[in-house]
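Here the structure comes first, spelled out in structure tokens, and everything after it is commentary.
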Amino acid sequence: MTEEAIEASGQLPTEQPPEVEANAAAGENNNLSPDEEWQDLLQQPQQQEPTIPANIRLVTDESALSLSLNAIRLAVFCDSVTATVLDPNYAFMAYPKAHKDSFTSTEPFGFNGATYFLAMTALLGSAIGGTITGTVSDRIGRKPCILICLFVGAVGAIANYLARKSFWGFCVANFAQGLFSGSAAVAMAYVSDVKTTRKEKDEEIGIIVALAMLGTSGGGICAILMESQGLFTPLFVGAALNVVAGIFAVYCVIEPKKMLFVGSQTEQDDEDEEQNAPTEINKGLLTNIIAGALADNIGSAGLLPLAMSPLAFTKFYVVFLEQDLAPLMTQSAFKWISVMVALTVIPGAAFSQIVFDKIGAAGGCVAGNVITGIVTIICLFVAYIEPATKGTYAGFIIAFYVGFPFTVLSQLSTGPMLDTIAPVHRRGLIQGLNIAVMDFASAISPYILGEMADKVGIRETMWTCIGISFAAGLINLPLVFVKALKRAPPKPPKYLRALKGENADVVELAMKGEWVPAKELDEINDKRMKKGEPWLVIPYRPYEEDKHHLRVMRQQARGDFLYLRSDVLGYVNNPEFEEEEKREALAAQFRNSRAPPEQREEQARGLSKWFADYLVDSGYFVEDSPILYKQMIMAAFPPINKDEEITAENMEQVAVNYTRVLNKYLDDKDLTGARKAFAHKYVSVDC
């Protein structure tokens with residue numbers, strides 16, 4: 001094709017790209033004409049930007065991490081809804097005349113036994129499946145196991161519906177579905193993979209546990225709202241939620257690569273949880289935590305579900321029904337009260353983090369055990385006030401709802417404690433054990449206790465649970481004294497401690513109020529300022545500790561005066577100081593690195609106390625006229641800046657005024673001619 005033809009066709013420009021011209025000049029056209037090589041270049045695929053691997057984005061992109069965590073949270077919530085969506089209906093399924101969908105026979109069980117056996121089948125399956133799923137996730141990854149739980153759980157919900165005509169057929173299907181409801185265990189292991197500090201992990205694990213509990217509330221609400229559609233119809237809602245959460249997880253959950261998170265903290269000086277994780281499981285601690293959790297969950301059955309069924313169900317519903325009276329608590333009220341109590345997990349979870357920060361997860365666990373026993377006693381006492389009235393009914397509900405949020409402390413503490421003793425490569429197994437213990441106790445204890453209530457009485461059964469709750473506190477008490485499980489004291493703010501890469505010995509001396517040359521401190525603070533970190537703030541040591549070293553302090557201060565004056569002059573004489581943009585940038589760094597107002601106030605109090613003690617010790621009569629001392633202070637410390645902050649406009653004048661003050665405390669022989677000339681360069685301004 002000729003150039004004229006190319007130009008006329010409008011297909012190609014007449015100008016050749018540099019690559020073609022260079023190749024032609026070098027004789028490297030591979031027997032192609034320039035036009036043919038140009039066409040060849042156009043047909044080559046365009047070079048694309050390299051794709052960042054997903055697991056790296058999980059570390060480098062905060063939005064990717066947030067989206068992935070939200071998908072994990074949604075998975076836990078939806079899976080919990082699906083697993084518990086029939087819980088409020090179990091009592092009515094087991095009572096043949098309660099509903100048209102009730103089982104016609106629950107032989108060989110009575111009402112209480114059948115009610116708790118239905119719940120036990122799912123929870124027992126979950127207890128077994130949680131450990132298996134957690135262990136498998138350590139090997140094949142967290143995301144595949146989450147997806148298996150969600151999609152198989154959806155299929156299991158449909159299978160439960162198809163088995164609704166047979167009590168035993170439903171129990172088998174319920175158990176099978178429970179085997180694949182271990183998403184919470186995998187989610188907690190995922191959290192440990194992607195969160196780097198102990199506090200972050202504890203908070204997120206608490207959120208996961210709270211969402212799992214809230215899921216039970218959500219499932220119960222579905223069951224209540226769909227009561228007119230049938231006892232088993234809510235299973236379709238659960239299946240749909242699992243599918244939606246599964247699709248979201250497919251596209252949003254990013255599989256973590258643990259080694260990428262080592263040293264990836266937002267703050268370089270934060271403790272690296274990955275590096276400090278144990279390499280082996282402490283079997284003694286594991287046994288203690290598991291035994292305490294088992295006792296705790298068995299004891300907690302005295303409050304939920306026994307306090308609601310059979311206690312409240314019998315005292316405020318069945319007794320009235322047997323006397324042909326209108327029950328104080330209707331079927332609908334029973335369902336709503338049982339379901340909505342799970343919402344109190346929200347304030348309970350928030351409160352637990354405050355408790356854990358104060359006394360650690362182990363201390364919170366013991367507190368939760370004791371509170372559970374006390375709340376159960378209160379509920380039992382109120383329910384047995386005779387005769388049952390609207391007042392006692394209201395008192396029971398108030399005690400139940402006010403006390404329950406505090407009892408979840410123990411359930412929320414087990415996950416963080418187990419995570420603390422878990423090696424990185426065994427987190428799935430450890431969290432699987434956590435879920436397994438909770439589900440096993442929740443599965444077995446209500447059934448056994450329900451049978452016990454039928455045979456020996458409700459009151460005696462609940463007192464047994466109360467005793468087990470207090471026993472759980474004693475079992476968990478040794479954990480309070482284990483160093484690994486104690487809550488580490490919060491780190492001081494950055495302006496009161498050494499940061500990574502700094503000379504810790506120098507900073508420690510400064511923090512004790514010992515003298516450190518101003519040059520060394522300035523080097524530390526200059527680096528901090530350039531990184532956007534706060535300056536080191538040196539606390540004022542009490543005068544009593546300094547009074548015997550005043551002569552030495554004068555000598556030390558002389559060198560610091562000289563250095564600071566030289567340093568300030570270096571800033572002012574720098575040509576860049578003349579540029580307003582550079583001054584504004586420097587002023588912004590100064591403002592950013594200053595200690596917060598509350599710390600400045602504390603420094604002011606320390607200085608005031610030191611100064612007053614010095615005056616008294618030096619013979620001044622501070623009870624004399626205050627105006628005299630105020631004048632002496634003003635004379636000794638003339639103003640250098642009365643603006644709120646240092647700005648580009650006042651920075652130069654502040655530097656001059658500060659230098660003038662420094663000069664007052666140095667001998668005349670130290671004032672060179674050049675510096676004297678500089679000192680008179682500006683007219684003194686009363687700032």
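Placement of Cβ uses the backbone N, Cα and C atoms for every residue, glycine included.
Averaged over the domain 'Major facilitator superfamily (MFS) profile' (68-490), the predicted model reaches a pLDDT of 84. Annotation comment: TrEMBL describes 68-490 as domain 'Major facilitator superfamily (MFS) profile'.
Beyond the transmembrane segment (114-133), the same-chain residues lying 6 or more positions past its ends with a Cβ under 8 Å from any Cβ of the stretch are 83-84, 87, 90-91, 93-94, 103, 106, 145, 148-149, 167, 170-172, 174-186, 305, 309, 428-429, 432-440, 442-444, 446-447, 449-451. As annotated by TrEMBL, transmembrane segment applies to 114-133 (among others).
Sequence annotations record features per position, and here TrEMBL assigns transmembrane segment to 145-163 (among others).
The transmembrane segment annotation in TrEMBL covers 175-193 (among others).
Per TrEMBL, the feature transmembrane segment maps to 205-226 (among others). Same-chain residues lying 6+ beyond the ends of the transmembrane segment (205-226) with a Cβ under 8 Å from its Cβ atoms: 72-73, 76-89, 184, 187-188, 191-192, 233-234, 237-238, 332, 335-336, 338-343, 345-346, 348-349, 352-353, 408, 411-412, 415-416, 419.
The transmembrane segment annotation in TrEMBL covers 232-254 (among others). For the transmembrane segment (232-254), same-chain residues at least 6 beyond its ends with a Cβ under 8 Å from one of its own Cβ atoms are 54-55, 57-58, 64-65, 67-68, 70-72, 74-75, 77-79, 81-83, 85-86, 89, 101, 142-143, 146-147, 150-151, 153-155, 157-158, 160-161, 164, 219, 222-223, 226.
Residues annotated as transmembrane segment in TrEMBL: 289-313 (among others).
What TrEMBL records for 333-352 (among others) is transmembrane segment. Panel annotation: around the transmembrane segment (333-352), residues 87-88, 91, 206-207, 209-210, 213-214, 216-217, 220-221, 223-224, 227, 304-305, 308-309, 312-313, 317, 364, 397, 400-401, 404-409, 412-413 of the same chain, lying at least six beyond its termini, place a Cβ under 8 Å from a Cβ of the stretch.
Through the fold, the transmembrane segment (359-385) approaches residues 202, 292, 295-296, 299-300, 302-303, 307, 311-312, 315-316, 352, 392, 395-396, 399-400, 403-404, 406-414, 416-417, 420, 459, 462-463, 465-467, 469-470, 472-473, 476-477, 479-480, 482, 485-487 of its own chain, all at least 6 residues removed from its boundaries and within a Cβ separation under 8 Å. Look at TrEMBL and you will find 359-385 (among others) tagged as transmembrane segment.
As annotated by TrEMBL, transmembrane segment applies to 391-409 (among others).
Beyond the transmembrane segment (429-449), the same-chain residues lying 6 or more positions past its ends with a Cβ under 8 Å from any Cβ of the stretch are 113, 116-117, 119-124, 126-128, 130-135, 138, 178, 182, 184-186, 188-189, 192, 281, 286, 290, 293-294, 296-298, 301-302, 305-306, 411, 414-415, 418-419, 421-422, 461, 464-465. Taken from TrEMBL, the feature transmembrane segment applies to 429-449 (among others).
Marked as transmembrane segment by TrEMBL: 461-482 (among others).
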